[in-house]
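All remarks here apply to the structure that follows.
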Amino acid sequence: MAAKDVVFGDSARSKMVEGVNILANAVKVTLGPKGRNVVLERSFGGPTVTKDGVSVAKEIELKDKLQNMGAQMVKEVASKTSDNAGDGTTTATVLAQSIVREGMKYVASGMNPMDLKRGIDKAVAAAVEELKKISKPCTTNKEIAQVGSISANSDTSIGDRIAEAMDKVGKEGVITVEDGKSLADELDVVEGMQFDRGYLSPYFINNPEKQVAVLDNPFVLLHDKKVSNIRDLLPVLEQVAKAGRPLLIIAEDIEGEALATLVVNNIRGILKTVAVKAPGFGDRRKAMLEDIAILTGGQVIAEETGLTLEKATLAELGQAKRIEVGKENTTIIDGAGEAASIEARVKQVRAQIEEATSDYDREKLQERVAKLAGGVAVIKVGAATEVEMKEKKARVEDALHATRAAVEEGIVAGGGVALIRARTAIASLTGANADQNAGIKIVLRAMEEPLRQIVTNGGEEASVVVAAVAAGQGNYGYNAATGEYVDMVEAGVVDPTKVTRTALQNAASVAGLLLTTDAAVAELPKEDAPMPGGMPGGMGGMGMDM
């Protein structure tokens with residue numbers, strides 16, 4: 001085990017605070033509509049230019065071990081806020097730096113760090129309650145577009161695209177972000193349920209122009225095992241042929257004579273069928289088959305439920321208005337499932353989302369909810385260069401998270417104004433002793449900091465603007481983009497309540513930990529081993545004259 005360096009008290013804290021300041025100073029220049037760019041070196045390819053706080057924070061690793069510890073703790077604030085609310089990373093970093101900076105002054109003057117932390121926690125709890133009170137619901141397309149635009153660094157086209165996507169697929173719908181092929185942003189909407197499995201044979205295609213198989217008013221047969229013997233399928237195929245309607249078969253796999261017979265029947269026009277593999281793997285496959293069954297009003301033919309292919313009837317088959325099967329995707333439009341059953345299934349999957357432990361599982365479950373609830377929208381990001389594409393894509397993803405947060409918990413006035421207004425709830429607070437009161441003062445001061453930084457980045461005098469905004473009421477604030485004092489909500493400068501709340505809570509949490517740190521343990525830097533001695537010189541000339 002490598003030797004460790006153990007540092008105590010002020011020496012440990014001051015080194016860690018240096019790291020906090022290095023990271024925060026690099027991140028906070030990006031805050032606000034007039035935030036500056038930060039250039040990030042890449043190990044291959046050109047550098048990345050960004051105004052995204054969390055992207056800057058993620059790149060920072062410091063050489064000094066203790067400084068790096070402090071920087072990593074604040075990096076945690078940024079990434080936690082980004083994970084929970086999708087935005088507010090720079091605000092959280094600015095708040096954390098301010099709480100640490102002010103707190104260190106009090107700790108240095110001999111105050112009890114634990115009481116300071118109690119005061120900080122008390123003030124933050126009161127501020128969060130006040131933020132919830134002044135929050136207003138975000139329901140209209142215009143408000144959603146405003147939130148998206150602000151989060152995407154005042155890019156209105158991104159906000160408009162997100163609002164349009166939410167309008168098409170609903171607030172719960174899945175919206176994904178992909179690289180576009182042109183310079184302009186595009187929006188593609190897939191209605192109904194789509195899953196990533198296509199036809200098993202190109203001979204099923206009946207629309208050569210689009211290279212898809214289209215089935216109008218089809219039956220849907222769902223089976224959780226492989227089908228290779230056509231005899232298993234014959235009874236149900238005969239019933240479907242009598243009904244004179246097409247059939248989509250979704251099974252674990254369809255191969256051998258079963259697939260060959262379906263293809264021959266299709267070519268001869270005896271029975272219009274398409275076979276596709278079931279989506280997903282393992283337990284997720286079972287769940288997705290069940291989703292399709294509920295959406296189409298059918299049942300999964302599975303031995304567990306006592307159903308077999310030979311005994312299947314039309315009653316067990318699902319139905320839909322239209323199904324399109326391409327090379328890689330299958331889309332079921334307007335399934336015949338009952339609305340109440342679909343709603344119950346959506347509730348069940350939402351409950352699983354709450355309990356999911358991994359981000360991957362949560363994402364897959366959210367996709368299932370959206371497919372059941374009504375559709376998927378894809379925003380294709382357009383840009384002239386790859387560097388611009390990466391930067392813009394990151395902004396679109398941030399804006400998307402922020403708009404979801406706004407729909408969830410509502411919106412407050414942006415530009416740091418909501419935090420200034422929430423200070424009113426703290427002003428009258430008192431702690432159990434002078435040290436706790438100092439903790440409350442620390443938070444009061446920190447809540448001005450985001451507005452100060454926005455104004456500073458815009459090249460104006462921060463103290464004057466903060467005093468003017470604090471003297472105002474309600475949504476009155478400073479619009480840094482235009483340099484005017486306006487009603488922030490009317491001007492469209494709004495933040496999701498969840499973003500502001502999460503930023504404040506996470507910043508206070510990590511800053512409190514730093515202030516109450518009394519020892520730090522880090523690996524000692526390794527000393528480079530001396531270079532081995534060189535080889536002795538080569539033999540000289542032999543002195544032989546030829």
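The backbone N, Cα and C atoms fix where each Cβ goes, and this holds for glycine too.
Here Swiss-Prot gives region 'Disordered' for one range in the set 43-63, 64-84, 316-336, 526-546: that range is 526-546. The secondary structure of D495 (ATP binding site), as reduced to three states from DSSP, is extended strand.
Within its own chain, G32 (ATP binding site) has G415, Q453, I454, V455, N457, G458, A480 as residues 6 or more apart in sequence whose C-beta sits under 8 angstroms from its own.
In the structure shown, the C-beta of T90 has more C-beta neighbours within 10 angstroms than that of any other entry among the binding-site residues T30, T90.
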